[in-house]
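Working notes for the structure below.
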Amino acid sequence: MIYNNTYDVIVVGGGHAGVEAAAASARIGAKTLLLTHNIDTIGQMSCNPAIGGIGKGHLVKEIDAMGGIMAKAIDMAGIQFRILNSRKGPAVRATRAQADRVLYKKAINSLLNDQENLDIFQDSVDDLVVENDTVCGVITKTGIIFKSKKVVLTVGTFLGGKIHIGQVSKEGGRAGDQPSNALAARLRALPFRVDRLKTGTPPRIDSRSVDFSVMDVQHGDTPTPYFSFFSKGKIEHPRQIPCYITYTNSKTHEIITNNLDKSAMYSGLIEGIGPRYCPSIEDKVVRFAEKDRHQIFVEPEGLNSIELYPNGLSTSLPFEVQCEYIRSIKGFENAFIMRPGYAIEYDFFDPRDLKPTLETKHIKNLFFAGQINGTTGYEEAGAQGLVAGINAAISIDSDKSWYPTRSNSYMGVLIDDLITKGTKEPYRMFTSRAEYRLILREDNADLRLSDKACELGLLNKQDQEIFINKKTAIDENIAIMKNTWIGPQTQKARDLEKFLDKKMTRESTLFDLLKRPELDYKKLQQIPDTNLKLEDESVIEQIEISAKYSGYIERQSKDIAKISTLESKTIPESFDYSQVKGLSNEVLQKLSEQKPTTLGEASRIPGVTPAAVSLLTIYMKKTGFIK
């Protein structure tokens with residue numbers, strides 16, 4: 001049957017990409033349907049019970065700045081918060097939160113249920129309705145046809161999913177869930193490049209069988225940080241609890257080495273490539289044979305759960321081997337495994353077949369987001385879901401689009417890397433992937449992106465007000481500091497001497513004084529009549545960073561301005577690269593296959609040389625494609 005409602009946007013899949021896509025689309029005002037095989041698993045943390053980390057925390061803050069729900073959900077569900085790299089510079093500081101799985105899922109569902117323009121329906125999607133290379137709906141397992149103007153696929157590891165525990169394999173999208181084999185077959189029949197990837201999860205351990213007294217304790221930060229720019233004073237964190245640290249040892253490694261032939265990964269049972277930066281324990285033992293131990297983070301799954309997640313012990317070894325090596329680890333001598341670890345292999349589609357909006361190049365109005373694009377991690381999935389949902393919604397009645405860039409966000413770095421370079425292994429975000437790290441900090445994600453979120457209708461009125469007030473306070477107080485002068489012979493200068501390494505020798509503004517490493521805003525506040533009255537720590541932080549890193553920030557801003565010239569030069573989708581004289585066959589093939597949308601994107605395709613970009617630019621100027 002054909003369902004009588006036609007939707008603007010249908011999102012298939014209720015994982016971390018799906019919920020952000022559906023929420024973003026609905027916030028913009030599009031009539032949105034979220035289709036999931038099981039309503040009870042919406043927002044489920046299928047792997048580790050945590051959000052954030054190096055590079056990943058930046059993505060969460062950016063999702064939040066664009067009105068997304070991940071940061072607010074973890075603020076409602078986080079049971080331990082830490083700022084990583086807190087002693088390093090602001091560019092690489094990152095927030096990480098341990099989650100209560102049940103509370104996180106509950107928070108996501110609460111945020112979705114409060115969202116207008118959003119319907120949720122339980123059924124698996126088996127087929128797409130495609131007419132003239134344009135998607136116009138989906139067909140479910142029960143035969144219901146849902147019509148829509150746009151479709152966003154956020155299907156995670158469910159496409160042709162296969163679970164491996166030792167030499168035992170079974171079909172599954174994750175433990176306890178059936179795979180989406182019919183949809184996988186349908187997508188394979190379309191003109192997309194497809195391959196296989198692998199990821200894994202560790203065994204879960206009964207906390208009552210663990211000796212925590214022999215492990216290192218890891219407490220969260222005090223005061224407890226917030227992930228969302230809009231949570232403080234509105235959301236109260238749950239009770240905070242510690243995590244623990246233990247280590248593998250030579251006996252652990254010996255057990256694993258002696259049983260490698262039984263591992264699904266090493267026996268050849270798994271074809272897909274696993275994540276380089278989150279390897280299985282057997283992979284770590286083989287690749288880092290010189291190490292005599294590996295760190296294991298023992299993470300609680302929730303305030304009312306007895307399950308522990310031993311982060312660092314992902315495996316595809318047989319269950320009996322898992323039991324043996326787990327019990328060789330300090331504190332786990334009597335451990336009882338409640339759920340075995342496993343590897344999962346699944347289809348992904350070459351992200352080079354996507355536009356920067358995450359719409360597919362071959363099928364109009366069809367968007368891909370999350371693990372279907374070859375990424376790993378909740379945060380990477382959420383960022384893609386947000387971008388896909390935005391573009392699906394704003395392009396319903398126009399050619400309007402918006403996508404992040406390398407110079408304004410880690411989301412932009414993520415998507416640009418995927419669509420220009422593709423990936424052969426699960427892609428994980430790191431700060432090292434970004435060229436403009438000092439500008440793309442966690443702390444200023446709202447200042448970088450929330451103006452655009454307001455413009456697109458993604459922020460509610462309350463959050464808009466919080467953002468505008470913060471931005472105004474920063475601008476006004478920087479202006480005050482740049483216009484307040486202190487001379488070397490004044491009383492204010494003498495008051496400052498107790499803080500200074502050396503006396504003032506010339507007149508300076510308060511802003512210039514703030515550049516000195518020995519001074520901060522609160523010290524300057526102690527000087528009488530400076531008119532510095534701020535108490536908001538987030539505003540003070542922005543002012544201090546603006547002053548202390550001003551030289552570096554200005555330099556990166558100039559670099560961005562140079563690059564933006566190429567980014568602003570768009571290339572028509574129908575552009576014929578064979579007309580550009582002097583391009584090598586390799587460059588011609590790559591440009592013709594990938595169809596970059598801008599000269600900047602073309603310049604980042606592996607194998608496309610600066611000389612080739614120059615030839616392309618000259619030709620486009622000559623023929624009037626660019627002015």
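Heads up, residue numbers simply count up from 1 along the chain you see.
Cβ from N, Cα, C; glycine included.
Swiss-Prot lists Gly13, Gly14, Gly15, His16, Ala17, Gly18, Val125, Ser180 as FAD-binding residues, and of the candidates Gln295, Gln322, Gln371, Gln462 the one it assigns to that same site is Gln371. Gln371 (FAD binding site): 29 other CB atoms within 10 A of its CB, across all protein chains. The shortest Cα-Cα distance between Ser280 (NAD(+) binding site) and any of the binding-site residues Gly13, Gly15, Val125 is the one to Gly15. Residue density at Val286 (NAD(+) binding site): 17 other Cβ atoms are found within 10 A of its Cβ, drawing on all protein chains shown. Proximity of Gly274 (NAD(+) binding site) to non-local residues of its own chain (separation of 6 or more, Cβ distance below 8 Å) is seen for Leu197, Lys198, Thr199, Gly200, Met265, Ser280, Asp283, Ala343, Glu425, Pro426, given in sequence order. Here the binding-site residues are Ala17, Val125, Cys278, and the one ringed by the most other CB atoms within 10 angstroms is Ala17. Geometry remark: Ala17 (FAD binding site) versus Val286 (NAD(+) binding site), CA distance 33 Å. Applying an 8 A CB threshold to same-chain residues 6+ apart, the list for Gly15 (FAD binding site) reads Gly43, Gln44, Ser46, Thr154, Gly156, Gly370, Ala381.
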